[in-house]
């Protein structure tokens with residue numbers, strides 16, 4: 001499907017999948033074959049200084065192939081889906097002006113969905129009401145506030161993590177200001193195109209292989225200096241904002257550095273959280289009609305996987 005002024009992202013290439021599935025290496029091979037520039041599809045890669053824990057592509061790779069939507073804001077700043085979409089559309093325009101292909105790579109399904117279908121922005125912020133809900137949050141905590149959302153909008157609550165206080169507060173604000181659950185108002189953005197009309201490739205591995213890759217990824221992060229990275233963020237004097245705190249790994253290391261847990265406990269907690277995150281990613285991708293799944297194994301090289309993608313008859317290149 002060709003791009004439209006309303007949605008220039010609809011015909012871009014997308015390479016996605018669970019965390020640690022191997023997207024970066026395949027994306028670099030795709031970039032060679034498509035004369036492409038890469039755009040991050042990762043909600044945590046936007047934060048400066050959060051490199052190891054978010055598994056950003058190494059700087060050397062980013063200097064080899066242009067990467068966009070990386071290192072956009074500081075960790076103490078919030079960053080919204082609307083901001084991401086606006087920056088993504090601007091980056092797409094610039095890439096196409098240079099005669100190159102835009103390829104999105106990353107594993108944030110919400111960002112993928114907002115690019116393909118748009119998103120419900122809701123009514124303007126009601127700051128009096130929002131401040132009331134924020135006061136509730138301070139009093140009862142995120143888990144209890146999430147439970148209150150479950151009572152009035154179970155669909156939205158099922159899609160929002162207990163610690164995602166920004167989205168919990170916004171969903172309650174919309175419900176209390178309009179009398180209608182935010183999930184009902186989002187329904188117009190639920191219909192997607194068939195996979196054959198899109199170029200959205202989801203890398204998928206055997207469950208046990210994927211679990212082992214997650215374990216190795218977390219161990220490697222600590223070997224690469226995750227503790228020092230978090231210590232540096234603390235020493236900078238900047239607190240992690242509400243959005244950045246959702247990144248797996250950082251709060252766990254902060255707890256370790258504060259003496260609230262051992263290093264071994266931090267490592268195991270991060271591994272467990274990462275596995276749960278991967279499970280949520282799988283659920284999201286299965287719910288997006290635009291996705292086509294590419295089963296890969298340990299013997300498949302990044303180059304071979306990229307060749308399979310560009311050789312797909314539906315992609316329009318072969």
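Along the chain as shown, residues are numbered 1 onward.
In case you wondered, yes, glycine gets a Cβ from its N, Cα and C as well.
A TrEMBL annotation is a machine prediction, not a hand-curated record.
According to TrEMBL:
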type	residues	note
BINDING	17, 18, 19, 20, 21, 22, 23, 24	ATP binding site
BINDING	19, 20, 21, 22, 23, 24	substrate binding site
REGION	42-45	region 'Interaction with substrate tRNA'
SITE	108	site 'Interaction with substrate tRNA'
SITE	130	site 'Interaction with substrate tRNA'
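Candidate binding-site residues: 17, 22. Fewest other C-beta atoms within 10 angstroms, 22. Apart from the site residues 19, 20, 21, 22, 23, 24, the chain places the Cβ of 17, 18, 55, 107, 203, 213 no farther than 8 Å from the centroid of the site's Cβ atoms, the recorded substrate location. Sorting each residue of the region 'Interaction with substrate tRNA' (42-45) by its DSSP state yields 0 helix, 0 strand, 4 coil. Confidence for the region 'Interaction with substrate tRNA' (42-45), expressed as mean pLDDT, is 97. Of all the Cβ atoms in the protein chains shown, 17 others lie within 10 Å of the Cβ of residue 24 (ATP binding site). Taking Cβ-Cβ distances under 8 Å and a sequence separation of 6 or more, the neighbours of residue 20 (ATP binding site) in its chain are 55, 210, 213, 214, 216, 217, 274, 278. For residue 21 (ATP binding site), applying a Cβ distance below 8 Å and a minimum sequence separation of six or more within one chain yields 107, 203, 204, 205, 210, 213, 296. Each residue in 107, 203, 213 lies on the same chain as 17, 18, 19, 20, 21, 22, 23, 24 and has a C-beta within 8 Å of the C-beta centroid of that ATP site, without being one of the site residues. Counting every protein chain shown, the Cβ of residue 130 (site 'Interaction with substrate tRNA') has 16 other Cβ atoms within 10 Å.
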